[in-house]
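Copied from TrEMBL, the annotated features are:
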type	residues	note
TRANSMEM	A:21-37	transmembrane segment
TRANSMEM	A:120-153	transmembrane segment
DOMAIN	A:155-338	domain 'ABC transmembrane type-1'
TRANSMEM	A:160-184	transmembrane segment
TRANSMEM	A:204-233	transmembrane segment
TRANSMEM	A:285-305	transmembrane segment
TRANSMEM	A:364-385	transmembrane segment
TRANSMEM	A:433-451	transmembrane segment
TRANSMEM	A:458-475	transmembrane segment
DOMAIN	A:478-657	domain 'ABC transmembrane type-1'
TRANSMEM	A:481-503	transmembrane segment
TRANSMEM	A:597-619	transmembrane segment
TRANSMEM	A:639-657	transmembrane segment
Amino acid sequence: MADALPRPAPEPVSPRHSLRAAWAVAALAFVILWQWGEPVADWAFDYPRGWEIPVKRWIGDFMKWLLEEASFGLFSFTDLTRFIADVIDVPYRIALSLLSTGFLRGQGSDAVQVVPPLPWLAVIGIVGLLGHAAGGLRLAMITAGCFLFLAVFGQWENAMVTLASILIAVPIGVMGGLLLGILGHRWRWFEAAITPLLDLMQTIPIFAYLVPILFLFGFSPTAAVIATIIYALPPMTRVSMLALRSVPSEVRDLGRMIGCTRRQMTWRVLVPSAKPDLMVGVNQVIMLSLNMVIIASMIGAGGLGYEVLAALRRLDIGTGLEAGFAIVALAIALDRLSQAAAARKPVHAEPGAARQPLWARHPYSAASLVLIAVTAPLALVVGWIESYPAALQISTGSFWAETMKWINVNFFDQLEAIKNALLLNVLIPVKRFLLGLPWPGVVGLLGLLGYTLGGRRLALTVAVLAFLIAATGQWEKAMITVYLCGISVMFAALIGIPLGILAAERERAGRVIQVVIDTLQTLPSFVYLMPAVMLFRVGDFTAMLAVIAYAVAPAVRYTAHGLARVDPQLVEAGTVAGCTPWQLLTKIKLKLALPEIMLGLNQTIMLALSMLVITALVGTRDLGQEVYIALTKADTGRGITAGLAVAFIAIIADRLISAGAARTRARLGLQR
Amino acid sequence: MPDTPAPADTAVTLECRNVWKLFGPEAQGFLAGQTAAPGLEAIRAAGLVGAVQDVSLAVREGECFVIMGLSGSGKSTLVRCMSRLIEPTAGEILFNGENLLAARPDRMIEIRRHRMGMVFQHFALLPHLTVLGNVAFPLEVRGVARAEREARAREVVDLVGLAGREGFFPRELSGGQQQRVGIARSLAGDPELWFLDEPFSALDPLIRREMQDEFLRLQAILKKTIVFITHDFDEAIRLADRIAIMKDGRVVQIGTPEDLVMNPASDYVAEFTRNVVRAKVLKARSLMAPLDAETLPEGTADVAASATVAEIAPLLSEGAERLRVLDGSGAPVGLIRREAVVDVMMRG
Ligand SMILES: Nc1ncnc2c1ncn2[C@@H]1O[C@H](COP(=O)(O)OP(=O)(O)OP(=O)(O)O)[C@@H](O)[C@H]1O
Ligand SMILES: [Mg+2]
């Protein structure tokens, strides 16, 4: 994700001593301004309102213009959005009818069901068949098991609503991303044009573009599907461009040699050859769409996401957790399914297969059809075939609520003590410190850091982005974001790096950690929020815990990976030289793995920022909250401006760390 | 290898005239601005890579023309210039007299579809198609109906000895089998000019040998005009009617295997030929003496003028002192003395 961002080439750095002098002077100036500047230079601590760039208003006006006046001659912009909404709405209605509501005649509460939805048994059967087709019996058990879980725990209805929107969003997202990727592959200028946009889309928090979507498409499931598509599209585009580019040049030559037209070249040669890589993108689209489920329910998606969100809002932990688990079950089933489908290799048919009847050549489709044909009529008469019997449903909601109550009754003091100790000794002091810094000083120091690490261009990028945050009047909220993100990343590193070391050094532990990390990464971000809220209620501390849990994975993964990649000859050399294992680790391996670990931290920061915005739901006071408020008020200008500020923080961190990692790598003489 | 090398007066199928390919920015302008052909240093100084420099050669109808050179000598670039997969920086490519560089894109598609075939070093098979699908693919692209193209594909699949594997996918085949698919595919459209870019380099030595035999067998049946790229001099000697040796983008010598072995143009060429077993390259024709000097005893064995010394030697081991040499039409053209053969065999 973020380490695919293009980086400016490091320019030659000025001689060391003059740079050191510059740092000394800058630090001195900074301290003076910070300690004694307030009475004389008030503006440095509180960006004056009069100087603000009215970006919010501009964006707001622009949106208004779009809605009320923009026109392409034959049709207006609103016609276009309505058209897009309709194009998505039709297949969505069909999927929803099939899985959840049945096909209706009439409107609203007078509607009569003409055709019922698919019986739950048929859906589970089909999912199991899909699993078997993609990955054999084991996968069939997993997928069918996950869906059975949905039925048993009473989440079937909601899960099918969610599944319907995923079933629509994923193909559109995949196709859209692929098409953009193809265009980018065909025309260099197009790639150059969309790459920065993709960078921005991946760093801007999701909430920020919910606002304009809400504005353009209204509060509806369709708007939610559109938001999901937009969210899941950039990685697919990136993956597509990469996959198409890595098709061997010989295959390309083959296409031209046999006289393919341009279209044949794209669809018959390049795309099929790139399919294994493209499937990675498909898996990403599925996972991102699921990740979006809860957030999308803020602008009209129903189903599991809405359930979680509503429960979270009224702090009904039991219900929220149940729906959350259901999302996880859905995520696991779809993730494993798409991964198995991606890994599947074609196998030749037995000779004579062509002469077999149609059903024998397509056994899975045939079995699915038979399943539907048998269960659908039966469902009309036998209740338990149509829907899972309510009497057999298990509700764990009260169990979770009871458990929580028990923990809170018995361990309240201890939990509270931990929370307060950390708040008082770490969180609050850091927050005070950051909020007290003068913005011109911070901008200047960031610029100098950029210059030291990467030269003039990086210095300029970093300083300008930081200044823009101040100039749009968001400095204070940005600092709170930085503080929450910084502390979370620090804890994530403190937990993740040792775990990564453990995973690299001890094989068995490594396997366990790998499985845990993989599972953690399939979980939608909201899932992390719930246990934290249950134990510590709303506030910064809770947000921090959720962010740590969500963002720790890359720290572990990159550390383990970096250590595993250290040249074994160097380790042997160290052993021969008589290093103790501890010396080997600290003096050789960690030193050489440092660039990789830095990239892991970079990823951790990116994940932390994206999670941080979500934690606005539990009452933080940062940029995330700003976006969230904008969403509830449908204030596009405010939402996008705050979203951009988060993106700027992400870009600043990414560029600085990447430049630092590149420098370290160069110093160590490592090539990537 | 056909029995007689294509004589010098057969038609030329493909001709390169002063072909240049320089990689790098502004290559065209650089070349146009030169009065004389620039040397390696000048090209490098301009920040360009001289992949193909001033190459002129003619491939005659029905011959197997091998381009041989070490890695990076520009063979792939040259062969891609010939089919215009790479646009040459300067020069002319004449295909049956037509200047390919002046052909419009649709004309180029037409020529490639119907008259050229190419085999690739790493096979370039499409992973999602079966053997039959891959072989029929060129026909499919040009819109041949399914039944017809599959029938034709089956024919060539049989020809390369893969009958029974039509339904397999590439990854289910060994390297040698995969390249057989590549060969079958390049032949499906019945091309006039057949390019092979290091077709056997990615294979193990034993398989490579087997595939070379297969190639000779096919060529004996098909008699295509062939441009064959290799970096293996032994392979070149085995397969070629004529060989062009490339070094740093230039052709340093063109000639029959015999020419190269007997009269290397430079130390560079001599370096390749040094370890070649001469008896396997030298033909009876170049070893024979005039026929008129003496009368041959009754029962003197006959040999073809195109037979190699290694093939003749066993006849002499039965005690004969002389052999009579016949040309392609069976007329006696010379005689070979035992001493001459022994001399070649002794020198290795
Ligand atoms: N697209 C390109 N851009 C720049 N230089 C290139 C390009 N393609 C090839 N070259 C250079 O041109 C020279 C000739 O390359 P070419 O691939 O033709 O060699 P080759 O004889 O086929 O070698 P090999 O046996 O390794 O395939 C090499 O120095 C190569 O680096
Ligand atoms: Mg090559």
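Cβ from N, Cα, C; glycine included.
Long-range Cβ contacts of the transmembrane segment (A:458-475) within its own chain (Cβ-Cβ under 8 Å, at least 6 residues beyond either end) map to 8, 10, 47, 49, 51-53, 55-56, 439, 442-444, 446-451, 623, 626, 641-642, 644-645, 648-649, 651-652, 655-656, 659. Between the transmembrane segment (A:597-619) and the transmembrane segment (A:21-37) there are fewer than 3 Cβ pairs closer than 8 Å, counting only residues 6 or more apart in sequence, so the two stretches are not in contact. Just going by CB pairs under 8 A, the stretch in A:21-37, A:160-184, A:285-305, A:364-385, A:433-451 that sits most against the transmembrane segment (A:204-233) is A:285-305. With a threshold of 8 Å between CB atoms, the same-chain residues lying at least 6 positions outside the transmembrane segment (A:21-37) that come near it are 44-45, 436-438, 440-441, 444-445, 448, 452. With a threshold of 8 Å between CB atoms, the same-chain residues lying at least 6 positions outside the transmembrane segment (A:120-153) that come near it are 99, 159-160, 322, 325-326, 329-330, 332-333, 336-337, 340-341, 343-344, 364, 367-368, 371-372, 375-376, 379, 385-388, 392-396.
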